[in-house]
Amino acid sequence: MTVPVIISGLETENENFEYTMSELSALCEANDMEVVQQISQKLEHPVAATYFGKGKAEEIFHEGELHEVETLIVNDELTPTQLRNLEDITEMRVVDRTALILEIFASRAHTKEAKLQVQIAKLQYQLPRLRTSSINKMDQQTAGNAGGGYTNRGSGETKMELNRRVIEKRINNLSKELKEIEANQETQSKLRDKSGIKTVALVGYTNAGKSTTMNGLLKMLGQDPEKEVFEKDMLFATLDTSVRKLKFNDNKEILLSDTVGFVSKLPHQLVKAFRTTLYEASKADLLIQVIDGADEHAKEMIETTTSTLKEIGVTDIPMIYAYNKADLAQIPYPIMEGDQLTYSARDQKSLELLINVIKEKLFDDYQTHTYLLPFSEGRYLEVLNQEANILRTEYLAEGTKLEVEVNPILAAKLKQFQID
Ligand SMILES: Nc1nc2c(ncn2[C@@H]2O[C@H](COP(=O)(O)OP(=O)(O)OP(=O)(O)O)[C@@H](O)[C@H]2O)c(=O)[nH]1
Ligand SMILES: [Mg+2]
């Protein structure tokens, strides 16, 4: 059922207000809410007790009554005090940006790991807000056996203390469970690191087309459709990192990972979760930042991605800026200029160009040599067929003469047969 809401925000100097409000609107939509009205106020800083000025808060109360809207969405994370006071003045259920994002993540989480991460983040958010009624109502199931008694605002100190302890214990238990899963994944990641195979990560703003790009590449390379990932026109379709091996027709291989999308003002409770989820990206040899080139806010989305990557410690990795959805933007494509690719994830030629770009960036240490392999060394031929790009083959009396593109490790092993 769609819930009617009023969205509201403070226009301060250091923020791109219009952009974050349009994001807030999209977040509401993603959470089955219908935006009935938008209310804003220009202020240098939020008011400590009420976030909005008192007059504005009263205006919101009247608008809520007028439109019969019971839910107010606020464009920032509110302090527990602000949340409580604003609920009192507006007589509405107040949901701040953090709670909204956490709700969406909770509804999208499918894997055990994602579910645990979101549950922990939600409980951490709740802990200092135990006396506030609305959010707790939103979220009784994650509080689990916390009992729900704390939804009574007037309930006594002891009960609240008890609830606090129950929630803290639950966070502890869930964190332990999560750690085990993560340790397992880290082992897998480290094994992959050791394999020496180059890795590429698709990163970027939510709904930009990362998963579609991944699937397009998998399809083109004739991979098992079961390896394809979930793609959909909605915010945060992907919450977990998926890693797939891509083998190109010249035998070059990469590991490609599809990652969770970003949004601005990402709740700090989730940033830690992102850090582990994005472990693959932090180890990548190349990042492809997928951008929705048809969106008027593309520039802000790039800034959001850049600052989120920095926040989770992913820095100093070469990056291609891949402007996707060129078919919608109605501009010529595919084009590669400097480190910028203009393409469409739904277009074959675009994906071919993307593959070439990846190869150019990652395999520039490959060498082309001519070898003469005696017939007695047939096993090398086997290796070359599997791992190298054979450009020419000629059968001579002394053995097989081959022109091959090889990686430096293989080139060193084959040195003895090299004749160029
Ligand atoms: N027209 C058009 N639509 C595209 C293109 N690439 C992706 N889309 C659509 O954009 C929507 C989002 O695509 P996804 O691949 O799920 O986006 P994502 O970046 O993985 O999003 P999150 O997982 O939420 O971070 C889907 O409806 C895609 O079909 C494109 O080149 N052209
Ligand atoms: Mg995705």
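Using N, Cα and C of the backbone, Cβ positions are placed for all residues, glycine too.
What you are looking at is a predicted structure, and each value in this text was computed from that prediction instead of being measured.
According to TrEMBL, the protein carries these features:
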COILED    164-191  coiled coil
DOMAIN    198-366  domain 'Hflx-type G'
BINDING   204-211, 236-240, 258-261, 324-327, 344-346  GTP binding site
BINDING   Ser211, Thr238  Mg(2+) binding site
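It is Gly204 that, of the binding-site residues Gly204, Asn207, Asp240, Val260, has its Cβ surrounded by the most other Cβ atoms within 10 Å. Of all Cβ atoms in the protein chains displayed, 22 besides its own lie within 10 Å of the Cβ of Lys325 (GTP binding site).
Thr238 (Mg(2+) binding site) and Asn207 (GTP binding site) are 9 Å apart (CA-CA, integer value). Model confidence over the domain 'Hflx-type G' (198-366) is summarised by a mean pLDDT of 93. Each residue contributes its Cα atom, and for Ser344 (GTP binding site) and Ser211 (Mg(2+) binding site) these two points are 12 Å apart. A Cβ distance below 6 Å to any atom of ligand 1 is met, among the binding-site residues Ala237, Asp240, Lys325, by Ala237, Lys325.
Of the recorded residues, Lys210 (GTP binding site) and Thr238 (Mg(2+) binding site) place their C-alpha atoms 9 Å from one another. In three-state terms derived from DSSP, Ser211 (Mg(2+) binding site) belongs to a helical segment. Comparing Gly204 (GTP binding site) with Thr238 (Mg(2+) binding site), their Cα atoms are 12 Å apart once rounded. Selection of the binding-site residues Gly204, Ser211, Ser344 by a Cβ distance under 6 Å from ligand 2 yields, in sequence order, Ser211. Lys325 (GTP binding site) sits 13 Å from Ser211 (Mg(2+) binding site), taking the CA atoms of both as reference points.
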